[in-house]
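The annotation domain 'Radical SAM core' is assigned in Swiss-Prot to 69-289. What Swiss-Prot records for CYS83, CYS87, CYS90 is [4Fe-4S] cluster binding site. The N6-acetyllysine annotation in Swiss-Prot covers LYS197. Taken from Swiss-Prot, the feature ubiquitin cross-link applies to LYS206.
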Amino acid sequence: MWVLTPAAFAGKLLSVFRQPLSSLWRSLVPLFCWLRATFWLLATKRRKQQLVLRGPDETKEEEEDPPLPTTPTSVNYHFTRQCNYKCGFCFHTAKTSFVLPLEEAKRGLLLLKEAGMEKINFSGGEPFLQDRGEYLGKLVRFCKVELRLPSVSIVSNGSLIRERWFQNYGEYLDILAISCDSFDEEVNVLIGRGQGKKNHVENLQKLRRWCRDYRVAFKINSVINRFNVEEDMTEQIKALNPVRWKVFQCLLIEGENCGEDALREAERFVIGDEEFERFLERHKEVSCLVPESNQKMKDSYLILDEYMRFLNCRKGRKDPSKSILDVGVEEAIKFSGFDEKMFLKRGGKYIWSKADLKLDW
């Protein structure tokens, strides 16, 4: 018998099993393909589950959309702190006499328009005090004619407004809001809304007529405090028929009407939440009433001071940003403390153009 070498023996053995092994491999190939596909699908499913469980806070920064900048839809521009009244609870007092040059104020208003502003509200202080209302009138006309803002409004105590102002600028103004805290003249004097022999309530009625004559929507603002919280104003408000009656709860702001550096001491005017709610309940039949508690006031207004700085009131004081004239609107508004959700919740966005109000003049 022939004796085979190891190499020859291995070759002979391979030739014997080649066909069976080939057949076995062909039968196993589909199984291997199926197993590979199955494991790939399982791994993919596991990765997706892990992404879901991670949540939005654990996603990669590069996959997150950056937060959208706040849009200054409605801005309150307190261009002056000077006033001819001495309301005891005033929360924007005469701490400076500064007023921007007219062209600088216009530049700032243009920046706000470019950032998305739709409504501008001019306030103070008393806005009609500067240049006998001419400074204000020119800003009103600029905002309506050149910036084409849907809404231009003013908040005033009404004591310095003359009919000639309506003749010159009334067509450019959408809403005039007059501050009136009481229909009892003695209470007005006690609060600080008095000026010699002038009657605040009689002047209010005259302004209502002018607004009707010159097609300006009429609004009333009232601050509810210790001296008027028990008053019933239902009949008087209904007779004046404003488009809105804003009812504010007396608010303390450190450095303005309370604290060491304050020019007012408003603590004696403050009322509790329950007292404020009782006042609202007493006037629930007044359809134009728009209530605003302290919390809504602090967080839901974009307030611009005389230097065009946004004021953050969230901590019970006014912390200013840098001026929009220096850093732009998008950067300054980051420090405004503005709560857009609260702004919408309190009804901050409403029909505010007199063209859309469809009033019966």
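Each residue, glycine too, has its Cβ placed from N, Cα and C.
Recorded features from Swiss-Prot, shown on the structure.
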residue : record                        : contacts (Cβ under 8 Å, 6+ apart)
CYS83   : [4Fe-4S] cluster binding site : CYS90, ALA94, GLY124, GLY125, GLU126, LEU129, ASN157
CYS87   : [4Fe-4S] cluster binding site : ILE191, GLY192, ARG193, VAL223, ARG264
LYS206  : ubiquitin cross-link          : none
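Counting every protein chain shown, the Cβ of CYS90 ([4Fe-4S] cluster binding site) has 24 other Cβ atoms within 10 Å.
Highlighted in sequence order, TYR85, LYS86, PHE89, HIS92, THR93, GLY125, ASN157, GLY192, ARG264 have their Cβ within 8 Å of the centre of the Cβ atoms of CYS83, CYS87, CYS90, the residues recorded for [4Fe-4S] cluster, and are not part of that set. Each residue in the domain 'Radical SAM core' (69-289) has a pLDDT score, and their mean in this model is 95. DSSP assigns CYS87 ([4Fe-4S] cluster binding site) to coil, not to a helix or a strand.
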